[in-house]
Amino acid sequence: LYKLLSPSEYSRPNRVPFNSQGSNPVRVSFVNVNDQSGNGDRLCFNVGRELYFYIYKGVRKAADLSKPIDKRIYKGTQPTCHDFNHLTATAESVSLLVGFSAGQVQLIDPIKKETSKLFNEERLIDKSRVTCVKWVPGSESLFLVAHSSGNMYLYNVEHTCGTTAPHYQLLKQGESFAVHTCKSKSTRNPLLKWTVGEGALNEFAFSPDGKFLACVSQDGFLRVFNFDSVELHGTMKSYFGGLLCVCWSPDGKYIVTGGEDDLVTVWSFVDCRVIARGHGHKSWVSVVAFDPYTTSVEESDPMEFSGSDEDFQDLHFGRDRANSTQSRLSKRNSTDSRPVSVTYRFGSVGQDTQLCLWDLTEDILFPHQPLSRARTHTNVMNATSPPAGSGGTNPGSNGNSITTPGNSVPPPLPRSNSLPHSAVSNAGSKSSVMDGAIASGVSKFATLSLHDRKERHHEKDHKRNHSMGHISSKSSDKLNLVTKTKTDPAKTLGTPLCPRMEDVPLLEPLICKKIAHERLTVLIFLEDCIVTACQEGFICTWARPGKVGLLSSQNQANSPSGTVV
């Protein structure tokens, strides 16, 4: 049960919903300044032309919107994205990069209230909108900026941008990418220019060790580079349309993307292939993020459970303990050196105003079981799915809570996917996949017949979903003209770049819940809560199970609370 803490809602001081038509997505950045009070979290968010910097009190205390540490209003351009340097942050000073719709990047210190530098000021380097800006991991001075032109630039805060347009020299070229160095007598910005794919470069993310860079573009491709050697490690193509967001698993082994095909796609970094797709959203997926606090990779002795019972429940969200033990025992004789128990939790939010939580379990990651057995378990799960709309919500819930189906009685049959599954709420339910748009488990091996039934079910409410599976040669040609890519979508479908829907496991979300009135643009997992934000400019805090704290008892009685299940 994730509880929405209304007193912890951050927004513009007047709390009025922002009329977001035509404006850039609301984004949120966090930093911890390690101050002595134990309340070192700071957050920055942009709404329209405005940028705010607050102390973030999270689940501990109500937000005081009347006292932003810093507030800025811009003319002629809007903030589009931002990123704190976590290495240099102190209670007296933080380095915040802000990207803008007209292409500039500003370095500011919202504590000292200083505007220290403006990059690409004359827009000689790139005139297009900044889509993503991030400090290079482990660096106090290097940062990377992506633009809707499809270019990325590496900057050093110590260097100037020059008074003339930069001249470039080719450093490395590969399939659908080129990297140039800046040719000048004295060192200047940008140090490097990356040209990646066709169309806008929508987002990039550094691997946890900082050595690799994953980029997603409007041409529908995920491209993963070795950042230092500037070499392409692997690629993946979306099922349909552009890819909008990307994230890495905490151990760097998997990448999840989301985009205009309404799917989340899980890609193995080691094997360079799609290992699963997730279907739960009814519109474009705008953010994907792993939950490092629920993700668990354990390499202990198969019969040992680390930590107390309570810790175990926290980590695994009530995964069936006996079943977990069974899966560990089954791996005891395995010659593989892989961990004995693996569960990755990730989330996604979309333009359909829904939050989805997903579990990536060992049966998806290591599909070593006989297919027929796995299908049997899939069918057992589907037969007991709650009907659409129930979503596992508790009776008497006011609709503002999200319940993961984790703490109920486990089903009598051991299931191959070891996912929490609400047997109590499903008692007597006879719904099938046709009735239940949201199954509370994971359909791992999506057989052709299962896929066809899903397609028929979704045809009514979402035509694009239906047409995706049947991209005709005519529509492919049209796509090809628009993106000018060398790869014909019809030719990539059915290849390792873009497997067919029935060729990879199809995940279903643990939960899928409408949590906003406007499209969602932010999803961040913190230790004691989940933070989401929508285009109206409201930043919401959802307390994790058992983490509601004092705020709940003091303030919740007087305000409408919510829960995500």
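In case you wondered, yes, glycine gets a Cβ from its N, Cα and C as well.
Sequence annotations record features per position, and here TrEMBL assigns compositional bias 'Low complexity' to 395-404.
For 415-431, the entry in TrEMBL reads compositional bias 'Polar residues'.
The compositional bias 'Basic residues' annotation in TrEMBL covers 454-467.
Annotated region 'Disordered' per TrEMBL: 380-431 (among others), in sequence order.
What TrEMBL records for 453-473 (among others) is region 'Disordered'.
Within the chain carrying the repeat 'WD' (236-268), a Cβ under 8 angstroms from the stretch's Cβ atoms is held by residues 199-200, 202-209, 212, 214-222, 224, 274-290, 292, 295, 297, 344, 346, 348, 350, 356, 358, 360, 364, 462, 464-465, 468, 471, 487, 489, 492-493, 497-498, 501, 507, all 6 or more beyond its ends. TrEMBL lists 236-268 with the feature repeat 'WD'.
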(Q) Could you give me three numbers for the repeat 'WD' (236-268), the DSSP helix, strand and coil residue counts? (A) 0 helix, 20 strand, 13 coil
Q: Compute the average pLDDT of the predicted model within the repeat 'WD' (236-268).
A: 97
